[in-house]
Amino acid sequence: MIIGIPKEIKNQEYRVGLTPAGVKELTQRGHQVMVQKDAGSAIGFFDLNYQAAGAEIVPEAETIFSKADMVVKVKEPQPEEYRRLRPGQLLFTYLHLAPDPDQTEGLIQSGCTAIAYETVTDEHGGLPLLAPMSEVAGRLSVQAGARCLEKSMGGRGVLLGGVPGVESGHVTIIGGGVVGENAARMALGLGAEVTLLDRSVARLRELDHRYQGRLKTLYSTTESVLQCIRRSDLVIGAVLVPGAAAPKLISREMLKQMIPGSVLVDVAIDQGGCFETSRATTHDNPVYIEEGIVHYCVANMPGAVARTSTLALTNATMPFVLALAEKGWQHALKDDKHLMNGLNIHAGQVTNQAVAESLSYAYTNPTKIVG
Ligand SMILES: NC(=O)C1=CN([C@@H]2O[C@H](COP(=O)(O)OP(=O)(O)OC[C@H]3O[C@@H](n4cnc5c(N)ncnc54)[C@H](O)[C@@H]3O)[C@@H](O)[C@H]2O)C=CC1
Ligand SMILES: CC(=O)C(=O)O
Ligand SMILES: [Mg+2]
């Protein structure tokens, strides 16, 4: 199989779909790998490292999209990328289609087969290809939020850890999955007062046990969210309903009751955001202010620490890349129902139920395609 790795083109996105070590795994098995020039050089994976692993370096993305049987990326394809995809070609990357009708229509029109990292599942009910980036984004969310609380960023000038004789900052985390727990670890480590809300009592029980009373847990309702955000310096949005657009948990009216200069970090922005006033921002211009509240809504947060993120992401994706290359996508999906859950689009059909429902497309069950 010919596997193509284009250079990412989203704003400030320095991650890359495969490391040189990953390329070697493929070339050793007889596959051909094409890597776009400088795809990984910003994070120390140089063209000569890819060449030493057996890859061919090509100057133009166009060549990769026209020749590769499988394109492996990190971020969802941008318009100039999805216009280049074609029937019979496999795309393996993050897609986040539910809040993105243009990209969804672009992929449908392309006729390609698209497997989304974020909807691949595992036997424990987790999302193994989202988890590593959620770990990164959860940890970063506290760093980003702490910075936004500084006066120069529009924040109210609060140090999350406080100092002796001065109260610590209050942090509220909505959603206690991978992002939420990693955010909680960092915020507790800084010495903040941390409250975490979730709708799953089982999950709250697990976190309560793990953090031995250091983390306050609350069942998430509109009322409990409101009580918490009224006294918070930093609120982190970390909810997920897999595949679907994020539920809006803080309305503009609720926002008006927050302390001016406090901060919202909406990590769930890649699924449309969980605050009514959220809109996606970039690493170049990450912050804006609405109703006196600083909003940080970067949709590709892990891109900020692209070397760590690439290593973590490819550790998780590599077994699936190998299965797809070795067996072909149809057999690989037939053999692994969790990988089958990743199939979002095939030959113009929407094969993920939550995406189809969110965007009002007919849903085709992937088992009908794979058999
Ligand atoms: N902006 C970025 O760069 C990144 C964003 N993300 C996003 O972060 C979000 C969270 O991801 P994970 O933590 O991996 O998901 P997860 O599935 O591990 O956790 C989500 C949690 O949200 C809870 N939840 C769902 N509805 C809720 C509600 N109404 N109130 C309170 N809790 C609710 C669930 O019970 C679950 O515990 C996703 O949208 C993901 O795509 C992840 C990585 C990077
Ligand atoms: C999960 C995701 O969207 C990211 O890592 O950029
Ligand atoms: Mg998008």
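A Cβ is built for glycine as well, from the same backbone N, Cα and C atoms used for every other residue.
Here the Cβ of His96 (active site, proton donor/acceptor) has 24 other Cβ atoms within 10 Å, regardless of which shown protein chain they belong to. According to TrEMBL, the active site, proton donor/acceptor annotation covers His96 (among others).
If you look up TrEMBL, you'll see Asp270 (among others) marked as active site, proton donor/acceptor. According to DSSP, Asp270 (active site, proton donor/acceptor) sits within a helical segment. In this view, Asp270 (active site, proton donor/acceptor) is surrounded by 27 other Cβ atoms within 10 Å of its Cβ, with every protein chain counted.
In the three-state DSSP scheme, Arg15 (substrate binding site) is classed as coil. Arg15 (substrate binding site) is surrounded by 27 other CB atoms, counting those within 10 A of its CB over all protein chains shown. Residues annotated as substrate binding site in TrEMBL: Arg15, Lys75.
The annotation NAD(+) binding site is assigned in TrEMBL to Ser134, Asp198, Arg203, Ser220, 239-240, 267-270, Arg279, 298-301.
Marked as domain 'Alanine dehydrogenase/pyridine nucleotide transhydrogenase N-terminal' by TrEMBL: 4-137. Here the domain 'Alanine dehydrogenase/pyridine nucleotide transhydrogenase N-terminal' (4-137) returns a mean pLDDT of 97 for the predicted model.
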Which has the fewest other CB atoms in a 10 Å radius around its CB: Val267, Met301, the listed binding-site residues?
Met301
Determine, using Cα-Cα distances only, which of these binding-site residues is closest to Arg15 (substrate binding site): Arg203, Ile269, Ala299.
Ala299
For the binding-site residues Arg15, Lys75, Ile269, Arg279, which sit with their CB under 6 angstroms from an atom of ligand 1?
Ile269
